[in-house]
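*Asks:* So that we are looking at the same thing, I have put the structure below in structure tokens.
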Amino acid sequence: MKIGNLSDKFKSPRARSFFNVVFFVCIFVFCFSTTYYTLPKSSFAADSLVKILQAKGWVESGFQSQSVHYLGKSIDPAYKYFLIDTSTSRPGEKITPFPFANTIITAPFVAFGFPEGIIYLSAFVFFFYLILLLRITKLYLIPIATIFGTPLLHHFISFSDVSIAATLVLFGITFLLTEDMSFNKNQLRLFFSGALMGIACWYRPEVIILTSCFLFSNFLIPLIKAKTIEKEVIRRSFVFSFGFLILFSAFIAYNWVHYDSILGPRVESNRSILLFDWSTKFGSIRSLLINGNGRVGLFGYSAWYLFVIGFCLWNWTKIRETSQIWIITFLTNLTLVCILTPNDSNIDWGSRYFTCSAFVPLLLLKEFQQIKIGKPIFQKFFLSILGILILYSLNINHKVIRTMRRISHQLTQIQSSIPWSESKVFVTHRNNIANTFGLNYLNQTILLLPSVEDLNTIVLENQKVNFVLIEDVTDNSLSKYAREHFQDRYSITEIKKEGIGLILLTEMISGKK
């Protein structure tokens, strides 16, 4: 099933080179203009915000401590009212469940007062990812399908650790494969491939699962086909594993020394995934793969993944052994990720937990276009289905990017409506409200109370402090509690400001006469 490659239409090497330059410039401009459209400076919330605070803490300590930046620690030294739950490292630092490797790449942008730079870096990493795909497959269709038919762009710019890990994985694949998509026999290249996968583990634990699935499939397919495992397969697996284990062992050693945990605080914070019941897990799996929990899952977003994999399974005897190994790798990884991931997010449509393995259906497009099936009309039929499914994914991508911009705009409106002051303490008891304050966490004291009753503890221990209570318009229980208990000691007034429509603001001034 042939799909013409655009550059092949240019017979002159100069014309082909010019086309390549134009192509790369176009995708570069698209990546950065799309990123700019999402309003990166205003987009920080939840995980992306906490990663900035983690980097800020490292920078302000002179790169000595990993304690997360928190201006409320003088009031709340136990970090009970921080944005998310923290854990304590062996040196006694209050840390968040995000990889320190990600802190290292984020810190320079925070140090120079340009935290949104990490988002633009992620856009550049996505551009590099597309170049790697083109280098491996030599098909322009594949980076185009990646841009418009997958959730990868918004995963990359939303989760910097995902962007680095996924690109390291694909970079490792470039060393693993030859130009004809078979496995490399060069031991040095195999070693580097494994080493890059090992580095990727420092950013995302899913890479551990992916690598294990690849090694399993690497033995399974030859064993099924030849009823034996050749020495070449064993040698390839050994050299790859050796490169991987060197970096992975360093990862384990670092985590053990600093965090008293083999796989680090990220995995430690999600230990509850081992305590699940299947009735709940089935709903979680549906959310990851199709839809649910307020989002579209992997195949709900990119249904063409399923189509291409199914097509290759249907033509199993016509595809390369390497492609067979990648398919089994993808399917086993898919199964384990569904079981072992927390799936506690509704912001990553297409699910970021599968981003590191997304290269598999993308590489299978190369196989898809080479399979010959029956009459030309059937070939056109399958190509039409593929095109329709990619257009469907394009429509979802368009909605997601527009939604990202709308959310950033709403966050800007909320943040600009609050009378920020470094002399006051800003308090909320709603997690959804606490996640709207963005980069103001860098220079403001903000507390997230587990319950309204915690306000009593804060006020009694800090009676000379002025507070601003921030609430959802549908829930004024915090300000109501303040009026019922502190009316005699504080002047409590509602702040009325034009443009406030999503939040309620109440000021508590101490020293009431």
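Keep in mind that glycine also has a Cβ here, set from the backbone N, Cα and C atoms.
Note that this is a predicted model, so its numbers are computed, not measured.
TrEMBL lists these features:
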type: TRANSMEM; residues: 21-39; note: transmembrane segment
type: TRANSMEM; residues: 118-136; note: transmembrane segment
type: TRANSMEM; residues: 156-178; note: transmembrane segment
type: TRANSMEM; residues: 190-216; note: transmembrane segment
type: TRANSMEM; residues: 237-257; note: transmembrane segment
type: TRANSMEM; residues: 298-316; note: transmembrane segment
type: TRANSMEM; residues: 325-343; note: transmembrane segment
type: TRANSMEM; residues: 377-394; note: transmembrane segment
*Asks:* The transmembrane segment (325-343) and the transmembrane segment (298-316): do they have three or more Cβ pairs under 8 Å, with pairs 6 or more apart in sequence?
*Replies:* yes
*Asks:* Taking a Cβ cut-off under 8 Å, which residues six or more beyond the ends of the transmembrane segment (156-178) line up next to it in the same chain?
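*Replies:* Residues 35, 38, 40, 43, 47-48, 51, 98-99, 101-102, 105-106, 118-119, 121-123, 125-126, 128-129, 132-133, 135-136, 184, 189-190, 192-197, 199-201, 203-204, 206-207, 210, 240, 322, 347-348, 352, 355-359, 363, 404.
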*Asks:* Would you kindly list the residues that approach the transmembrane segment (190-216) from elsewhere in its chain, counting only those six or more residues past its ends and only Cβ-Cβ distances under 8 Å?
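*Replies:* Same-chain residues near the transmembrane segment (190-216) but 6 or more away: 99, 101-102, 161-162, 164-166, 168-169, 171-173, 175-176, 184, 236-237, 239-248, 250-251, 263-264, 266-267, 325, 328-330, 332-333, 336-337, 340-341, 353-354, 356-357.
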*Asks:* Where else in the chain does the transmembrane segment (21-39) make close Cβ contacts, counting only residues six or more beyond its ends and a cut-off under 8 Å?
*Replies:* 6-7, 119-120, 122-124, 126-127, 130-131, 140, 143, 147, 153, 157, 401, 404-405, 408-409, 412
